[in-house]
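K.L.:
Dropping the structure in here first, questions after.
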Amino acid sequence: MTPFSIILGHEKCESYLVFSGETAFGDNCRAVLYFLGLAYCFIGLSAITARFFQSMENVVKHSRKVVEVDPVTKTETIRYEKVWNYTIADISLLAFGTSFPQISLATIDAIQNIGKLYAGGLGPGTLVGSAAFDLFPIHAVCVVIPKAGELKKIADLGVWLVELFWSFWAYIWLYIILEVWTPNVVTLWEALLTVLQYGLLLTHAYAQDKRWPYISLPIARDERPEDWVPEETPYFQQEEDFSEIKHVNEENRNAVDIFSIHSESTRDPLYVRAPQIDEEAETLDKAKDTLLLTIWRQQFVDALRLEHPESKKFKNVYLRLAHILWQLLLLPWRFLFAFVPPCQIAHGWISFICSLLFISGISYIVTKITDLISCVTGINAYVIALTALASGTSWPDLVASKIAAERQKTADSAIANITCSNSVNIYVGIGVPWLIDTLYNFIAYREPLRIQNAGGLSFSLIVFFSTSVECISVLVLRRIIFGAELGGPRFWAWITCAFFMLLWIIFVVLSSLKVSGFI
């Protein structure tokens, strides 16, 4: 009998991932291999996040042409306005997209348990653990991301307060379902109301953004940047009007970036004004298709390249070798994700959807590996979901908030992604899987859905709520003392970071001990 079996007292696991011969390796060896496989899946999630975020930027920055006619002079004025509202983009595209690993994992877990009277434990455990990871470690990272002395504050405080209210209410609502109204069970109507509240969040946040009377809070909004995310210089960018060409660096001299005339930057010497193309639309469409195919082909070239410009900057040969080995480890994921169409097509929507499909596929593999880890080690699946799964599937949240904290002039999107992701985790991530299972049970058995770990889940909610109050209080204090939530004096930024990490450790330890029966 293996050490795992002696300590945890479980029988030999006969399940396997790829082939039946895995059962001959022994529980210890299998546990190590499965944990390594889980870590590699998390690396894949990290790799697809960059593509997802780039496609989302293209979706959000899409603008439409508006023609206004002066009633007196009859002159026409042409302006371009953003299609997406900033607040709705944060709550829907950013929060929903970065939470998609957890949502898809919970939905897959629900489908696998369909027809059973008891709900699966992976989904709720992952989502509650993900909420804690979002609130504590991601806030910790975002606080120290700005440069020394740089301050980034929330510009629209009213919208953040609305998002924060719905985030807190989500966990209060979940506790009411599990402990007050119908203890240890979830009914069809409770699941349906949970999902519908996501629509209320969107409506309330939009009302606050537009300052609707009687609904919005009377809080002034600071000046916001014109662009959702400031422009950077990737290899390829393009929008609808193919009227500007940008030549890139020496290594990619043959590649060109296609920009819209509306994003012209006269300060950048690399921009070359191209003559207006006065040809047939069919010829222009062919040119666009050719350029898009060139961009797509370049994705595969970049995916297979191990020696990148950044690795050549390392003077230390060991650091350079380590960077190349890391690129080699990423190569299978990079090549796979190169099949995602360029984000310049259809304003980024096709790339956005394909990225989510890849995330779903990885999440499915993660659920299978997690079940095997629980089977092999005997560790409660809820504990694995609360810790390893929650941290790994929250990696896109971390990357997205980090990028927003680095590149945006304000802290709105970085912090909104955290608070809104927590709301999405409950209203969609738990609500939709529960709705699937409760609907089936209602039709097939006329029975509600029973929650096997309701006590442990409720305890986790109480601990999370208590620690989250401390986290938000610190953010409020930083705003009062330093004038901003992120950045500021380096010493105090790192102190805040350490405190947030301590809160996360307290949550994980107490919740794991409760589920394991030690407290």
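A Cβ is built for glycine as well, from the same backbone N, Cα and C atoms used for every other residue.
Because TrEMBL annotations are produced automatically, they should be read as predictions rather than curated entries.
Marked as transmembrane segment by TrEMBL: 31-53, 157-176, 188-207, 317-340, 346-365, 372-392, 457-480, 492-513. The domain 'Sodium/calcium exchanger membrane region' annotation in TrEMBL covers 34-205, 348-511.
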K.L.:
So if I exclude everything within five residues of the ends of the transmembrane segment (457-480), which remaining residues of that chain have a CB under 8 angstroms from its CBs? That is, six or more out.
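P.N.:
That would be 124-125, 128-129, 131-132, 135-136, 139, 143, 153-154, 164, 168, 171-172, 174-175, 178-179, 382, 386, 415, 451, 488, 492, 496, 499-500, 503-504, 506-507, 510-511, 514-515.
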K.L.:
Go through the chain and flag residues at least 6 beyond the ends of the transmembrane segment (157-176) whose CB is under 8 A from any CB in it; none is fine as an answer.
P.N.:
87, 91, 131, 194, 197, 200-201, 204-205, 208-209, 216-217, 219, 221-222, 412, 415-416, 419-420, 422-423, 425-427, 430, 457-458, 461-462, 464-465, 468, 472
K.L.:
Between the stretches 317-340, 346-365, 372-392, which one has more Cβ pairs under 8 Å with the transmembrane segment (492-513) than any other?
P.N.:
372-392
